[in-house]
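Accompanying notes for the structure given below.
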Amino acid sequence: MQLSISLLEITRAIDSWLNSIFHPHVAFGIELVLAGVAVILLVVAMAVLMVYAERKLAGFMQMRLGPMRVGKYGSMQAIADVMKLLLKECLVPTNSDKMMFKLAPFVVTVVSFMTIVPIAFARGIQLWDINIGVFYITAVSSLSVIGILMAGWSSNNKYSLLGAMRSGAQIVSYELSGGLALIVVVMMSGTLSISGIVQAQADGWWVIKGHIPVIIAFVTFIITSTAELNRAPFDLAEAESELTAGYHTEYSGMQFAMFFLSEYTNMFVLSMVAATVFLGGWMPFHIAGLEGFNHFMDYIPGIVWFFGKTFFILFLIVWFRWTFPRLRIDQLLKLEWKYLLPVSIINVLFAAFIALMGWYL
Amino acid sequence: MGSVSILLLMFCGFAFAALAIGLGNKLSLKRYNPEKGEAYECGMETQGTTWVQFHVGYYLFALVFLLFDVEIAFLYPWAVVFKEIGMVAFIEIVFFVLVLFLGLLYAHKKKALSWM
């Protein structure tokens, strides 16, 4: 007997209820609206939560308290920040390319929203189970570089341009090892769809049962996703001490907030991808042979597992930021082209060889 | 939900950004001042033009990137069917990757991968 109600049953109940009242087309329309609202709420809630969590964690890592004034333990800090940004004037520099300047925040926001499409939050909770899910995410998430270059170029500011060019070189370079790291798991699962990859991990997460190649792939994926997100130690694109704020130097008010939001959205989407591909998505943790333990783990809902893993990876990314000093651009490109890329190419072949020999479980 | 969901999320992102920026414009206090429209470069007046030719180093990386990105796009379909085909697929991909790896070595030898 199933004790807990799964999210899939709730969505199915809503679906059948809507279809029983309305014409199927109308019901589909209402479902679209519901899904859109849910995604927007998810993005906003995650961004607000992560801004607070990051500042609090940064405080604790530096033996400070972090935000404490707004609300209990500073819990309202992120909301106060949003209010402040809402009341700020959106300045447009006189000499900028005005249309591109105004369009850039839209591009980055749309791209970061689009990456959420194939993410599986729990069993059956997925906007669209695309059969090329992993490929779709790598393809779409790399489009954000266009928005960044647009912002940097149109600002007519040397810091912005330098930041955008650095960011472009960096995102473009690190995409390669990120893609190769995903290929290792795709090869072992034999499918590109997110739900398929999660299903392949029913008897153990890839990072555990995939042995050495998957662990190497996991580590490279975490490094490359940190770099693709332009976060410290790879935050050359917006290095405060050199470039003021990089490509969004000239942005203020809500336009700046959109860059900020899309950065955080990209961050949690990439963490979700890492959690799905390497840590088993919504699959619970099982140890073969321990029946009681496995049953206990099954009672924890899939969505709790999924968000738990996501937050674990987010914590890692925040931890990096307050641990490592920033790299120089030559060190950054050297790390990718001379170490990570050869290592991940050889790792793919190594994983293929192991899979061929049947040495993994 | 089908392919509509991509359009839906495109629309959501666009509508969300439009709503937020529009609301910000509505609520914020606007006072015109010519100083506000100047480029923010540490308070000094801007020297020279920004839209100049850029260092070629970035484009070299972009070219090498293009090569490897196409390689990875080819690797995805291979990865899906690899286990069904087996040994033949492995040998073929070793040759395919080897050729591109030689390309990487060549770029390294030509110092295209070292900065400046």
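Placement of Cβ uses the backbone N, Cα and C atoms for every residue, glycine included.
As written in TrEMBL, here are the features:
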- A:26-53: transmembrane segment (TRANSMEM)
- A:103-121: transmembrane segment (TRANSMEM)
- A:133-153: transmembrane segment (TRANSMEM)
- A:174-198: transmembrane segment (TRANSMEM)
- A:204-223: transmembrane segment (TRANSMEM)
- A:264-287: transmembrane segment (TRANSMEM)
- A:299-319: transmembrane segment (TRANSMEM)
- A:339-360: transmembrane segment (TRANSMEM)
Please tell me whether the transmembrane segment (A:174-198) and the transmembrane segment (A:339-360) touch - that is, whether there are at least 3 C-beta pairs under 8 Å between them, with each pair 6 or more apart in sequence.
yes
Interface check, the transmembrane segment (A:264-287) with the transmembrane segment (A:339-360), three or more C-beta pairs under 8 A:
no
Same chain only, please: residues at least 6 beyond the ends of the transmembrane segment (A:339-360) with a C-beta under 8 Å from a C-beta of the stretch. Say none if there are none.
174, 176-177, 180-181, 183-184, 187-188, 209-214, 216-217, 220, 223-224
Tertiary contacts of the transmembrane segment (A:204-223), as residues 6+ beyond its ends and Cβ separation under 8 Å:
174, 177-178, 180-182, 184-185, 188-189, 274, 277-280, 283, 285-286, 288, 313, 316-317, 340, 343-344, 347, 350-351, 354, 359-361
What same-chain residues lie close to the transmembrane segment (A:133-153): Cβ under 8 Å, and 6 or more beyond its ends?
97, 100-101, 103-105, 107-108, 111-112, 114-115, 117-118, 160-165, 167-168, 171-172, 175, 178-179, 182, 186, 192-195, 197, 228, 237, 246-248, 251, 259, 262, 266, 269-270, 273, 277
